[in-house]
Amino acid sequence: MSASFTLDLLFSQIWHDPRLRFDHITNCLQNLTLGYSMVEKLWTPNVCFVNSKKTEIHSSPTPNIFLMIYPNGTVWVNYRLQVQSPCMVDLVLFPMDIMNCELIIESYAYNAAKVKLNWREWQPVFSIAKSKLSDFTLYGLQWTKNSFEYAAGQWDQLTVSLTFSRAYGFYILQMYIPTYSSVFLSFVSFWIDLKALPARITLGVSSLMALTFQYGNVAKNLPRVGYVKSIDVYMVLTTAFIFLTMIEVAFVCYLDSENNLRRKERQAEKKKERVAALQRKKDKKKNNYGATTLTNANAAESDLRSNYDEPFSNGTSSSHKISISRQANNMFESLHALAQFGLLADDDDENTKWTAQNVDKFCRKAFPISFCLLNLIYWCYYLYQNYQAKLEALAQMTPPS
């Protein structure tokens, strides 16, 4: 895109030269039409487009110049031209920007004392083609008359201003929708398990590369300006979200490793506490069993005999059974203590709020919602600015008389 526009137009000039009147010769001829070669033999006001980069007369096959002389000496010359002229480009709203292009007409050889320029009283500027182009729409058409002071005197200037609004449908299809796809594709990593870390990293990097490639295709056709454009704001927004997904992957990896380390430390401390508590309980039980054996041996022995109904047992077997019973009781009590204190069970009791799984669950909702909200703000703001620029262009438009 260049800061200029090319326009095909019909440029008419009408002036009065009494030396060319022929009404006193004949009343039958209403006008006199001559060929293009006769223009060079007549006096002309030498009007030109002073701000044009390039101006050409169409030749198909001969120069497209119309010349007519009226009986009273009025001369009408019409040119079919192709004019390339600069435009005032402000890309702050790009691709929803407004462009203002001007054509400045003045006499190159004669100042206002010799040639005065004026617009025709009825509809001096109008368009015979459709106002909607492939990538722009004509919204404003204005014509004014000004005076400009040169060193050689004062010159009249006629200015035509054309205001165009860019059609941004192409950029929505080629820029916005693909980048939306890249951003939402990067959000898929929140649903991928942390164990599949290479897949999450690959997804984020691929989305970032696709986004950079899309923006590069658009930026290479834009002028290098020193201010922030609308599309720059959008690209920073989308790139930031993809970058944050990569940061989230690194954060959950760090969080998961820290939680695992703390979990192992807590388990080691709990096991030490449980072993110490079990040891204290065993010592207490041993003391209790020793007291019972010394003070109430007969009761324990009679209780054991009552539990084991063996009438033919002798004394030696009875004492042996008492010892086995005590060992069994100690073993069952030890197992009960182990189960009670959790030494044999893998206690994975996690009280940490910020785990990798919780962060992923939070990001599954926070990232899409915040992205949609910021996009809503972006589109509302810049569409409103585009609407205001169109209203200003229409307000400057001169209605045809």
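In case you wondered, yes, glycine gets a Cβ from its N, Cα and C as well.
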Annotated stretch (transmembrane segment, per TrEMBL) among the listed ranges 64-82, 102-120, 197-215: 197-215
Residues flagged as region 'Disordered' in TrEMBL, choosing from 264-284, 348-368: 264-284
Per-state residue totals over the compositional bias 'Basic and acidic residues' (264-275) - DSSP helix, strand, coil: 12 helix, 0 strand, 0 coil
Mean of the pLDDT scores, which run from 0 to 100, over the domain 'Neurotransmitter-gated ion-channel ligand-binding' (3-167): 91
